[in-house]
Amino acid sequence: MAQYSAEFKQAKVLVLGDVMLDRYWFGATNRISPEAPVPVVRVQENEERAGGAANVAMNIASLNVPVQLMGLIGQDETGSALSLLLEKQKIDCNFVALETHPTITKLRILSRHQQLLRLDFEEDFNNVDCKDLLAKLESAVKNYGALILSDYGKGTLKDVQKMIQIARKANVPVLIDPKGTDFERYRGATLLTPNMSEFEAVVGKCNTEEEIIEKGLKLISDIELTALLVTRSEKGMTLLRPNQEPYHLPTVAKEVFDVTGAGDTVISVLATALADGRSFEESCYLANVAAGIVVGKLGTSTVSTVELENAIHARPETGFGIMSEAELKDAVAQAKARGEKIVMTNGCFDILHPGHISYLENARKLGDRLIVAVNSDDSVKRLKGESRPINNLENRMAVLAGLASVDWLVPFTEDTPQRLIGEILPDLLVKGGDYKPEEIAGSKEVWANGGDVKVLNFENGCSTTNVIEKIKLLKD
């Protein structure tokens, strides 16, 4: 499949559906409340994530594809928070804000990696007049290559038939990840993507491949679909179309850690590929590869074009290890599109010692990815003297690449990495030692971009100079 590509130059996707904000409160639990037999959680940090149709849009944005998201939110703080979260990922939000309903919000309280409680803030949208939403759809859909209707049963898609008709009238394919057992309401859609359980709940138990094909083709005929893609967990996925041979794709997942959000990834990649003018076969192939990547991650995750391209061509992921500046810029862009926090530091790292290890581990804990910029041999010589470095650049970077705390390594030739930091613009710049933040090379560039700068302490008594002096004493 070497001709397949994860670069979607022509694609533009519109997503309409039940948008949600997922909130997580994390804290320690050390005692029981005197008021009731319940644990007391001392909240120490919180996190916000896009949920429902908003997560579908995040998946598309992670592929560097323009995406607009439509849905219903409340005129409230959570609606504003969700919009801000999405806009940071360059998702075009085109919501209808209601006075009468809250933004759908799910608040989870966790302690010691266990969920203690979930609080849902929502009201059914089935009684809402969706004429404004339909008008937005009719105005915008012609500008997109595909429409995803994301149904979580909250009522945003109560007029789903009208939505399908609007899109089909504009010759825009409609893809739906269905909810419930009433597939009749999706009549006329281009493609449905039920999982095996959802499929069997509608057509009945399937004991053989032949039954899946027979019942799937009947469903296509009954509700006038163009195609049906049944996702089958460890058995891969099967594409069915009238008068064409079934197209079966075996799973490509090496290890399955978490299937959360895999359905969102499948429909996102499918729609993106179709919007880019790819065939059903190629689109399903890419979606299957993406699903294999995302189930190997913990929690709701997205897939980047770097990961997808490498998986297509069976290359090891370039998202880790030693990189050129150009490769690093691409990897950072992909990571930021996934909402990851980028931390960057720099140094000579001539003879790696416990102080370095501790410092890098602490730096890595401050974000999702750690970049280490390493002085070239000439740069070290200018800074440290003619006798340095002890280890050349290739060896220094090879040792650093073996550390679990380090994601990306990049060399620089100047005396300071100021230019490089200005090109990469990490979310957080860290440096070890007695520096003041404003003295750190690249701090002005990071601050100007809205990032932060932090000084970390080195372990006392650990330094490359001390190691070298001890070696000299042994030699003497």
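Glycine is treated like the rest: Cβ placed from N, Cα and C.
Since we're looking at a predicted model, the values are computed, not measured.
What Swiss-Prot records for Asp264 is active site, and it gives sequence analysis as the kind of evidence. Per Swiss-Prot, the feature ATP binding site maps to Asn195, Met196, Ser197, Glu198; the stated evidence is sequence analysis. Feature annotation from Swiss-Prot assigns region 'Ribokinase' to 1-318. The annotation region 'Cytidylyltransferase' is assigned in Swiss-Prot to 344-476.
Same-chain residues at least 6 positions away in sequence with a Cβ under 8 Å from that of Glu198 (ATP binding site) are, in sequence order, Pro178, Thr181. Secondary structure from DSSP puts Ser197 (ATP binding site) in a helix. Cβ contacts within 10 Å of Asp264 (active site), excluding its own Cβ and spanning all protein chains shown: 26. Between the binding-site residues Asn195, Ser197, the minimum number of other C-beta atoms within 10 Å of a residue's C-beta occurs at Ser197. Here Asp264 (active site) is positioned 15 angstrom away from Met196 (ATP binding site), judged by their C-alpha atoms. Secondary structure at Asp264 (active site), as computed by DSSP, is helix. The record gives Asn195, Met196, Ser197, Glu198 for ATP. Within 8 Å of the mean position of their Cβ atoms, the other Cβ atoms in that chain belong to Pro194, Phe199, Glu200, Ala201, Val230, Thr231, Arg232. Per DSSP, the region 'Cytidylyltransferase' (344-476) is made up of 56 helix, 26 strand, 51 coil. Across the structure, Asp264 (active site) and Ser197 (ATP binding site) are spaced 16 Å apart at their Cα atoms.
Note on the region 'Cytidylyltransferase' (344-476): its mean pLDDT in the predicted model is 86. Every protein chain shown contributes to the tally, and the Cβ of Met196 (ATP binding site) ends up with 16 other Cβ atoms within 10 Å.
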